[in-house]
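Engineer: Pulled from Swiss-Prot, these are the listed features:
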type: BINDING; residues: Pro91, Leu92, Ala93, Arg94, Gly95, Leu96, Gly97, Ser98, Ser99, Ala100, Ala101; note: ATP binding site
Amino acid sequence: MTEADMLFSVTVPGSTANLGPGFDSVGMALSRYLRLSVFPHDEWRFEAETEVVAGIPEGTDNLIYQVAKRTAAHFGKELPPSLVKVWSDIPLARGLGSSAAAIAAAVELANELADLKLSDREKLHFASLEEGHPDNAGASLFGGLVIGLHEEDETEMVSMKDIDLDVVVVIPFYEVLTKDARDVLPESLSYPKAVEASAVSNMLVAGLMAKDWKLVGRMMQKDLFHQPYRRALVPELSKVEHEAGQNGAFGTALSGAGPTILSFIEKGKGEALRNQLASKFPHCEVDCLYVPDTGIIVERKSVNSV
């Protein structure tokens with residue numbers, strides 16, 4: 001198959017979620033990407049094009065196919081068999097939204113192949129049904145910062161663009177599976193603790209809306225919902241908090257369920273922080289990312305190229 005045979009491509013940014021106390025509701029797009037190149041074929045087949053996705057299921061047991069099939073079936077449609085080439089630099093099970101990017105891409109795949117004509121709101125709802133919450137999926141679909149609530153019959157979301165920050169990520173080479181990260185959380189919080197946790201979350205959102213990054217950074221490190229319980233799973237967290245804070249970061253938090261740790265810093269200062277953290281954490285990948293304003297992009301083959 002050559003580029004001339006391609007029907008369309010779908011490019012989706014990765015994401016981070018929570019930012020500390022914005023648990024299961026706050027998400028932000030990040031400049032790591034998943035790209036699907038879709039070709040007509042006589043059967044469903046998925047081909048990995050990068051090491052990150054090497055070993056993914058190659059047939060109809062692939063997550064992308066399963067989500068696309070369920071999305072199309074909701075409208076009584078079937079999907080024509082396709083060859084899907086999968087390129088990605090979003091590491092799996094690291095808290096950078098790899099599954100949400102795949103789910104968002106799958107919803108768009110169904111939308112294109114079955115001509116569903118889904119609205120943005122419908123895409124968000126179907127992706128959130130698969131994910132269980134809208135933070136990562138919303139960020140991948142729409143870019144920028146998103147704050148949302150997902151319920152079985154409806155998904156609400158507010159989004160904001162122009163997030164003028166550098167985001168430095170420290171990515172350990174071990175995985176933290178979402179199930180394991182959920183298992184360490186308490187079944188409940190006491191009423192006073194829940195009130196305090198909610199207040200911290202409210203202040204995080206207020207800071208985000210005002211783009212008061214110093215306030216945001218302080219609230220990121222005051223979370224009471226999940227980070228106190230997950231520290232044992234990510235021993236680097238406390239050390240990165242200290243090192244990043246000593247080098248100008250506004251604040252540091254787990255990215256999603258971890259193990260990736262992210263730090264916010266003033267635009268233009270991220271590379272210096274990246275270099276500093278890379279020297280301190282040689283056993284991790286360290287990168288300086290940005291927050292793209294654009295979410296999912298579909299590029300269709302031009303009629304003129306036929």
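Counting starts with 1 at the first residue shown.
Every residue gets a Cβ built from N, Cα and C, even glycine.
Fair warning: this is a prediction, and the values are worked out from it, not measured in the lab.
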Engineer: Near the ATP site, what residues other than Pro91, Leu92, Ala93, Arg94, Gly95, Leu96, Gly97, Ser98, Ser99, Ala100, Ala101 in the same chain have a C-beta no further than 8 Å from the centroid of the listed C-beta atoms?
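Structural biologist: Going along the sequence, the neighbours come out as Gly14, Ile90, Gly256.
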Engineer: Applying a 10 Å Cβ distance cut-off over all chains shown, what neighbour count does Gly95 (ATP binding site) have?
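Structural biologist: Step by step: centre on the Cβ of Gly95 (ATP binding site), count other Cβ atoms within 10 Å, giving 29.
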Engineer: For Ala101 (ATP binding site), which residues in the same chain are close in space, meaning a Cβ under 8 Å from its Cβ, but six or more apart along the sequence?
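Structural biologist: When sequence neighbours closer than 6 are ignored, Ala101 (ATP binding site) has Val12, Pro13, Gly14, Ser15, Tyr33, Leu34, Ser88, Ile90, Asn136, Ser140 within Cβ distance under 8 Å.
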Engineer: In which DSSP state, out of helix, strand and coil, do we find Ser99 (ATP binding site)?
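Structural biologist: Going by the DSSP assignment, Ser99 (ATP binding site) falls within a helical segment, counted as helix.
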Engineer: In sequence order, what residues of the same chain, 6+ apart, have a Cβ less than 8 Å from the Cβ of Pro91 (ATP binding site)?
Structural biologist: Val52, Ser98, Ile171, Thr260, Glu285
Engineer: Out of Ala93, Gly97, Ser99, give me whichever of these binding-site residues has the highest number of other Cβ atoms within 10 Å.
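Structural biologist: Buried the deepest by this measure is Gly97.
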